[in-house]
């Protein structure tokens, strides 16, 4: 029993170490982290909010991921804007952002993931800037995978609909 527990913990530690510096590109479509455990089947203790419910195409807006309680911090994230299942738009970050980095999921900067950081720099709230394509005229949702730890994560956390108008 002790051996099984130790082996399982080493596997989790290996995956956390492997992807501690952000989601791999192989997770872009299904947004499933390549951890050796499955997602939580409970309601996520996180919410995604936006600075507006309607945005003009090509105009930047803010998107925020927050824990519902102070103890609901984030170790890792994968965030995208989706028009149906299509990844759309582009995120921008400050060069000195200590938590997040851009990820290329088919287009440069169309997703955000976490950087490697010590646990004391986990975040309870993060805000990013996203710009819809200049020719988009449709509804989108922000979709995220949010990890509390390497072994505890939630898939499919979504924002309310945002209408993008041309």
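Backbone N, Cα and C atoms are what each Cβ position is placed from, and that goes for glycine too.
The feature signal peptide is assigned by Swiss-Prot to 1-18.
Per-class residue totals from DSSP over the domain 'Reelin' (19-166), listed helix then strand then coil: 7 helix, 69 strand, 72 coil. The domain 'Reelin' annotation in Swiss-Prot covers 19-166.
Marked as disulfide bond by Swiss-Prot: 28-105.
Sequence annotations record features per position, and here Swiss-Prot assigns N-linked glycosylation site to 41 (among others). A simple way to gauge crowding: the CB of residue 41 (N-linked glycosylation site) has 7 other CB atoms within 10 angstroms, across all the protein chains here.
Annotation comment: Swiss-Prot describes 96 (among others) as N-linked glycosylation site.
A sphere of 10 angstroms centred on the C-beta of residue 105 (disulfide bond) encloses 20 other C-beta atoms.
Summary: among the recorded positions (28, 96), the fewest other C-beta atoms within 10 A of the C-beta are counted at 96.
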